[in-house]
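**Q** Pasting in a structure now, in structure tokens, and then I'll have a few things to ask.
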Amino acid sequence: MFSLNQTSSYLSKSSSPNLCGFSNSQRKACCCVPVVVTALGNNGRAVMESTLKEIRNGGSVLDLDPKSTVGGGVRDVYGEDRATEDQLVTPWTTSVASGYSLLRDPHHNKGLAFNHKERDAHYLTGLLPPAVFTQDLQERRILHNLRQYEVPLQRYMAMMDLQERNERLFYKLLIDNVEELLPVVYTPTVGEACQKYGSIFRRPQGLYISLKEKGRILEVLKNWPEKTIQVIVVTDGERILGLGDLGCQGMGIPVGKLSLYTALGGLRPSACLPITIDVGTNNEKLLNDEFYIGLKQKRATGKEYADFLHEFMGAVKQNYGEKVLVQFEDFANHNAFELLTKYSTTHLVFNDDIQGTASVVLAGLVAALKLIGGSLDDHRFLFLGAGEAGTGIAELIALEMSKQKGSPVEENRKKIWLVDSKGLIVKSRIDSLQHFKKPWAHDHEPVKELLDAVKAIKPTVLIGTSGVGRTFTKEVIEEMASLNEKPLILALSNPTSQSECTAEEAYAWTQGCAIFASGSPFNPVEYDGKQLVPGQANNAYIFPGLGLGLIMSGAIRMHDDLLLAASEALARQVTQENFDKGLIYPPFTNIRKISAHIAANVAAKAYELGLASRLPRPENLVEYAESCMYSPVYRNYR
């Protein structure tokens, strides 16, 4: 073991080719001591002196309080994200990162991209073949290999293996090929991955917090190696996509969402934490599956469930502070609304199924007005599905109408109708309705079938959030076409198998007149000699930019106006060229620039509402958002 004086003495020797500056025998002896080296000149030395002072006072480099700064909003203690691509960086972990261990550290491993000087300096000579590849060549090789797989789940597994092996290459590949790989790492393939998670499980990703840890959740959070967390995506696995209760195997959703936070929104991977809350499962198939990785017991409910989630939320705030964003994902309706309501006043919380879906759909509707004409309040909306997604979208539409007209939300709700499994939601049913459906119970005679509801309400916009495939029948779509010159059809349920109708069906049954968007991707459709391109109302347009905006402004609470700001920013990114193809969303190829504009608009609204804690406000919020984004390009090591 070495004293602080020895370590400090080494740190002043910036030209040393050895990672830790000691002999091989000494290096082996100190492998358990945190060794941190930066290559940032005076600034880096100042950070290191501060770090050493903290250690002398009895702390460690991992005990430092997170403080807002550039690099995505969290103090970049080790200077890696402040470094330009040309500056030298020394790889570090809580143990000495060199040789064999460096090749197995996904945060710093570059594989064949280590040059000969780096291989000599970091004891890699002989551990790699002699060829030196560029990152671009590595990317082309991986992409070539991925395209050989015919089964989407194989591509998913290959991408997860890459993420666990070489983090920067994973994100560069995903960013550069986002339209091709987004369906691989997220919907629809992630649904199948969650269904088979126990069988394909290799290395654990994220934190699993089960009922067995009740009373010591804070202790479990402290086991996670990264201490400066900006965003947590958490699920209890009860309502995964349209697939139902997948219990602990729902971890694929937080992992996938946070991959998109980094790739599309530019948050540092080290600042993202996926969590699965395992309170059991009611899925008999999983309970009887020998490969199931979660608790084999029925789901906790009532007070036991509420107390466990309350302990979790308290521990998160205690461990990560006031400004950590907690994103609830794929909770069942009865818990989703309650959790959002309960913690929105004490935590920075966001439910992507309720709020993210609402924001992205509203953006599509605002953009679609360029094609169908009028303002939002000129249209009538009919939903199939009255769960968290349907009611969340409906409420945000009503809020946007209110903002535009200056009229009460209650008045605007009357233009929005919802159909659930028992038919049209009307006043005569109000006593039997769940609380979140009651605002949508309007005066009308009961209507059982969707087709009859379309005939009665005469909507201009039909939105599916039912989670049940093929419910927009030929008769329903044809009726929409008879009522509207350009019917707007949004079949939003995921995965693809659960979509209310396909793009081909929507175009064929409306003679090519429909404006169509779905939750999962569909290929372009040839109709009557014209190529029609379906849009994708994917939450990935919204939550990465929204999260970046919250973090870079230091927001401490969520507000509905921030969702409206995100929608407005996304709608503004749709170009005339996109409209000419019938698109109401921009292509994903520009998603990082889109996310920067969304983040800037969200941050501007946070400052306006007094919710931002980062002062002073940056002059150019778009440029600031772009400057905060993580770059996956390799760094050169000294």
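Glycine residues also receive a Cβ, built from the backbone N, Cα and C atoms like all the rest.
Residues annotated as domain 'Malic enzyme N-terminal' in TrEMBL: 163-344. Sequence annotations record features per position, and here TrEMBL assigns active site, proton donor to Y186. Sequence annotations record features per position, and here TrEMBL assigns (S)-malate binding site to R239, N494, N538. Marked as active site, proton acceptor by TrEMBL: K257. Annotation comment: TrEMBL describes E329, D330, D353 as divalent metal cation binding site. Annotated domain 'Malic enzyme NAD-binding' per TrEMBL: 354-607, in sequence order.
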**Q** If you measure E329 (divalent metal cation binding site) to N494 ((S)-malate binding site) at Cα, how many Å is it?
**A** 14
**Q** Using Cβ atoms only, which residues of the same chain lie under 8 Å from the residue listed as 'active site, proton acceptor' while being at least 6 residues apart in sequence?
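**A** Within the chain, the residue listed as 'active site, proton acceptor' has Cβ neighbours under 8 Å at Y186, V233, P274, Q327, E329, D352, F543.
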**Q** Write out the long-range same-chain contacts of D330 (divalent metal cation binding site), meaning residues 6 or more apart in sequence whose Cβ is under 8 Å from its Cβ.
**A** T235, D236, G237, E238, R239, I240, L241, G250, I253, D353
**Q** Measure between the Cα atoms of every pair in R239, N494, N538, the residues the record assigns to (S)-malate, and report the largest value in Å, rounded to a whole number.
**A** 18
**Q** Sequence gap of 6 or more, C-beta under 8 Å: which same-chain residues meet both conditions with respect to N538 ((S)-malate binding site)?
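**A** Those within reach of N538 ((S)-malate binding site), by Cβ under 8 Å and sequence separation of 6 or more, are L182, T187, V360, G519, P521, Y585.
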**Q** Which residues in the same chain, at least 6 apart in sequence, have a Cβ under 8 Å from the Cβ of N494 ((S)-malate binding site)?
**A** T187, P188, G191, L241, G242, G519, S520
**Q** Give the number of CB atoms, excluding that of E329 (divalent metal cation binding site) itself, located within 10 Å of its CB.
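**A** Excluding its own Cβ, E329 (divalent metal cation binding site) sees 27 Cβ atoms within 10 Å.
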**Q** Using the Cβ centroid of E329, D330, D353 as the reference point for the divalent metal cation site, which residues of the same chain not in that list have Cβ within 8 Å?
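**A** These residues sit around the divalent metal cation site: T235, R239, I240, I253, F328, F331, A336, N351, D352.
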